[in-house]
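If you check Swiss-Prot, you get these features:
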type	residues	note
CARBOHYD	ASN110	N-linked glycosylation site
CARBOHYD	ASN228	N-linked glycosylation site
SIGNAL	1-17	signal peptide
TOPO_DOM	278-283	topological domain 'Cytoplasmic'
TOPO_DOM	333-446	topological domain 'Cytoplasmic'
TRANSMEM	257-277	transmembrane segment
TRANSMEM	284-303	transmembrane segment
TRANSMEM	312-332	transmembrane segment
TRANSMEM	447-467	transmembrane segment
Amino acid sequence: MAAKLLLLLCLFSGLHARSRRVEEDDSEDSPSNQKWVLAPKSQDTDVTLILNKLLREYDKKLRPDIGIKPTVIDVDIYVNSIGPVSSINMEYQIDIFFAQTWTDSRLRFNSTMKILTLNSNMVGLIWIPDTIFRNSKTAEAHWITTPNQLLRIWNDGKILYTLRLTINAECQLQLHNFPMDAHACPLTFSSYGYPKEEMIYRWRKNSVEAADQKSWRLYQFDFMGLRNTTEIVTTSAGDYVVMTIYFELSRRMGYFTIQTYIPCILTVVLSWVSFWIKKDATPARTTLGITTVLTMTTLSTIARKSLPRVSYVTAMDLFVTVCFLFVFAALMEYATLNYYSSCRKPTIRKKKTSLLHPDSTRWIPDRISLQAPSNYSLLDMRPPPPVMITLNNSMYWQEFEDTCVYECLDGKDCQSFFCCYEECKSGSWRRGRIHIDVSELDSYSRVFFPTSFLLFNLVYWVGYLYL
């Protein structure tokens with residue numbers, strides 16, 4: 001009896017040890033990570049069997065439902081960052097997660113698992129949409145530390161394919177209002193080879209989302225929002241469904257205000273200082289005028305470095321040009337003042353002819369009143385005063401001692417709007433002419449230049465900022 005009990009005990013001990021070995025064999029235990037890595041063999045075997053079965057007769061060269069109906073691609077994009085934007089190259093950089101979802105009936109499977117989450121090694125084994133970005137100059141997929149790709153397959157054949165891309169996309173900037181301009185930079189994509197009869201793109205709900213803008217590199221722009229569109233583009237190869245996202249950007253003026261606008265305004269104001277300098281200080285006024293003109297030329301060159309070589313006039317070009325004209329006009333004002341106010345020394349001219357000769361006056365009137373001294377002393381060597389002829393309340397001088405560079409009075413009406421001496425203000429001026437005293441030109445400029453520049457700024461800023 002004791003021998004039978006001992007035999008039964010040995011038998012049960014052997015069965016228990018065997019069952020324990022079987023349980024240990026049903027799980028894989030990594031030697032280096034025994035505490036947290038446990039993968040049942042049966043599940044690995046199921047996934048491997050499912051994939052082998054799906055790919056056994058799968059042809060990745062053919063799109064799903066070929067010859068039956070078009071393949072529908074649902075698209076959504078997550079914008080990781082935007083920027084910088086290059087105005088010179090007319091392009092911008094964008095970092096996105098690009099996700100495409102479609103259904104491939106050839107990849108349906110029956111299993112207790114609903115989703116197969118796979119890595120990038122499976123991407124090359126199934127059909128993938130041939131999506132291209134139509135306005136990209138360069139594009140780069142991220143491969144560190146592994147290819148940034150995600151592939152998921154549902155048991156009903158739905159496939160999700162996601163990858164991370166950095167794209168330098170073209171953005172045609174219209175710089176007429178620069179630097180107060182706003183732009184809608186597009187990101188356009190479509191199929192490379194499948195027309196709309198074979199492939200259709202659709203936006204998913206909440207298809208475009210953006211990350212926190214704190215990490216964006218929009219140094220000179222503010223992000224105002226985005227919008228997406230769908231259109232059909234006709235080409236010689238067929239009609240294609242084209243998807244576009246527009247990123248609304250508005251330029252910040254702070255940089256250009258500091259670098260261009262404020263220096264230009266201060267240079268114009270500096271050129272007005274010459275109006276308060278005496279007109280006899282020719283070196284000081286000339287140096288100041290030439291310096292301000294050269295400064296405006298330098299500022300104009302610097303302002304153009306931030307722009308491509310466009311053929312039209314931008315808002316900044318207009319402002320810099322007008323400022324240059326104001327500075328140049330201030331220099332020309334002194335040149336005009338100096339020219340008309342510089343008189344020669346008085347000269348004494350004797351008339352060798354008498355009033356009896358026809359050449360003694362400009363012309364011979366019908367009634368002449370001659371006024372001259374009646375008696376002269378033989379010892380008085382002073383020249384006689386000039387002879388004056390009076391006709392119909394008009395005064396004509398036979399001789400004029402103060403002869404200026406510009407001769408206004410010589411029997412002719414003044415041909416200029418400027419007076420170079422006091423007698424010009426008398427009847428020798430043509431009636432209806434504007435009388436401007438050249439000696440008061442600085443006084444006029446002190447009012448005219450600031451007023452006109454203030455009016456220009458008022459029209460400029462209101463027109464570009466609010467109209």
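Here the Cβ of each residue, glycine as well, is placed from N, Cα and C on the backbone.
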Where's the emptiest Cβ shell within 10 Å among the glycosylation sites ASN110, ASN228? ASN110
How big is the Cα-to-Cα gap, in Å, between ASN228 (N-linked glycosylation site) and ASN110 (N-linked glycosylation site)? 38
So if I exclude everything within five residues of the ends of the transmembrane segment (447-467), which remaining residues of that chain have a CB under 8 angstroms from its CBs? That is, six or more out. 177, 180, 265, 268, 272, 275, 315, 318-319, 322, 326, 329-330
Tally of residues which DSSP labels helix, strand or coil - the topological domain 'Cytoplasmic' (278-283): 2 helix, 0 strand, 4 coil
Which of the three DSSP states, helix, strand or coil, fits ASN110 (N-linked glycosylation site)? coil
For the topological domain 'Cytoplasmic' (278-283), the distant same-chain contacts (Cβ-Cβ under 8 Å, at least six residues beyond its ends) come to 334, 337-338, 341, 442
